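Peer 1: Okay, here's the structure, questions in a sec.
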Amino acid sequence: MWGYTVEKGWFHVKHEEIESIASHVFGGNVDKAYAYHELLATDGSTRGFIGPREVPKLWSRHLLNCAVIGEAMDENIRVADIGSGAGLPGIPLAIARPDLTITLIEPLLKRSVFLGEVKEKLELDNVTVIRGRAEEKAVREQLGLVDVATSRAVAPLGKLAGWSLPLVRLGGKMIAMKGSSVHEELERDEKMIWKAGGGKVKIFSVGEVLEEPTTLISIRKVR
C-alpha cells in the first residue's frame, strides 16, 4: 500500500477508516489514488505545486473532495479540467471514474510537464494534457467540444463561465467546485453567465461519505 499522511482536524478517524473512505470513492483504482497522493506529497511539494501546509490535508481538501464530483457526471463522457494545476480535480476524477475521457488544460509549462509525468506513472489512459489557456483559439480547436467543463478555485464565476461554456457542446454543462460564496457570485455574475450561453443553474452537494461534502454549481449551456 502506498504511504500517506493521516491528517488531523478534519477526519478525526483511524487509518482504517481513511482506507475505507478512499476504497469507497476510488474503488478498484484506490492504489492509483495512493500513488498520486505520494507524488503530490513529494514531487508536487518540492516543485512548488502543493504548499507545505497542504500536504497533511491532501486527502480531505484535494483527493477525496475532487474525486466525488464524478457523482454529478454521466457515464462515458468527455470532460475538460480548466486550469488543472497539479491535476485537481482532473486526476482524482480520472482515477475514480476510468470511464470518463478527461483533458487537463494547464497554461504553465512546469505544471503541464508534471501532469504528463503523473499520467505516465499512474498509467491513466483516459487522460490527455493540453498546455494552454481555455480561452485560446488553439486550445479550443485541439480540444473540440466536450460534455462537461470542470474546475476548482480558478476564477470568479462569471469569468469562469466565459472560459468554460464555449468548450461545451449545446446541452452540456460546466460543473465548478465552489464554496459558501457561490450564491453571491451567481447573483453578481448572472449577466456574464447568460452572455456565455448559460441557462439552467443548479447548486448542490456531492460526497455524502465525506465529513464535509463538496459544493458544486452546474450551469447548462443552452445557446
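Cβ atoms here come from the backbone N, Cα and C positions, even for glycine.
According to Swiss-Prot, the record shows the following:
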BINDING   Gly83, Leu88, Ala134, Glu135, Arg152  S-adenosyl-L-methionine binding site
Peer 1: With every protein chain in view, how many other Cβ atoms are within 10 Å of the Cβ of Ala134 (S-adenosyl-L-methionine binding site)?
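Peer 2: Other Cβ atoms within 10 Å of Ala134 (S-adenosyl-L-methionine binding site): 25.
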Peer 1: Have a look around Arg152 (S-adenosyl-L-methionine binding site) and count the other CB atoms within 10 A of its CB, chains all included.
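Peer 2: Result for Arg152 (S-adenosyl-L-methionine binding site): 21 neighbouring Cβ atoms inside 10 Å.
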Peer 1: DSSP on Arg152 (S-adenosyl-L-methionine binding site), three-state: which is it?
Peer 2: strand
Peer 1: Within 10 Å of the Cβ of Leu88 (S-adenosyl-L-methionine binding site), how many other Cβ atoms can be counted across all chains shown?
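Peer 2: Leu88 (S-adenosyl-L-methionine binding site) is surrounded by 27 other Cβ atoms within 10 Å.
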Peer 1: For Glu135 (S-adenosyl-L-methionine binding site), what is the secondary structure state per DSSP, taken as helix, strand or coil?
Peer 2: coil
